[in-house]
Amino acid sequence: SITLLFNSVQFSSSPLSSLQFQLRTKSSSDFPAGRHRAAVATADVCDSNAALLVNGDLRALDPIFKIYGRRLAFSGPIVTVKVFEDNVLVRQLLETEGNGRVLVIDGGGSTRCALVGGNLAQWAHDMAWAGIIMNGCIRDVDEINACDIGVRALGSNPLKSNKKAVGDKHVPVQIAGTLIHDGEWLYADSDGILISKTELSV
């Protein structure tokens, strides 16, 4: 028989039978591979890469973050953004395809307002971001905790942020005692957060 595939409809024809077709449903293979990246334990990463901890290519963030979201363990390439009490650039980035990346937000450590709420967290999930690390606050805690995404933040605050679009994307940021560069890799779980210059295997 001859099989033809047009977009989401599969046609199968044979000289001895009439034309048949079968609808193809969306499966996990239709989503970006990074969205389903296997979780890696940060303790195992440390134990398997002791030399990188010594030379600084692998660093652990200071344990200052609270854990939010349903996804406790996540990893991926880092995208950085630096803002202060203004989340316009954060929204702009989360509205792009995440492809399994992690957004690291340097909010200057401000706890006077929230940079990410339930709507943005859900949008990040829908756009296939693996997680969000925030040197700042969230709001809509219950909504974020119901969302299948990993989130780390200093705490929560019900006040919304400014909307002036002030800040910088893809720049080095200093968070939790560590200088973090756009394009590095992040590994997070219940034990903590690691930053690596490259993707690591265990």
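Note that Cβ sites are derived from N, Cα and C of the backbone, with glycine treated the same way.
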- Which of R101, R139 does TrEMBL put in the same substrate site as G117, G118, N119, L120? R139
- G117, G118 as binding-site residues, winner by CB count within 10 A: G117
- Query: Between G117 (substrate binding site) and D140 (Mg(2+) binding site), what is the CA-CA distance rounded to a whole number of Å?
  - Reply: 5
- Task: Other than G117, G118, N119, L120, R139, which residues of the same chain sit close to substrate? List them in sequence order, counting a residue when its Cβ is within 8 Å of the Cβ centroid of the site.
- Result: A114, V116, A121, Q122, I138, D140, E143, I144
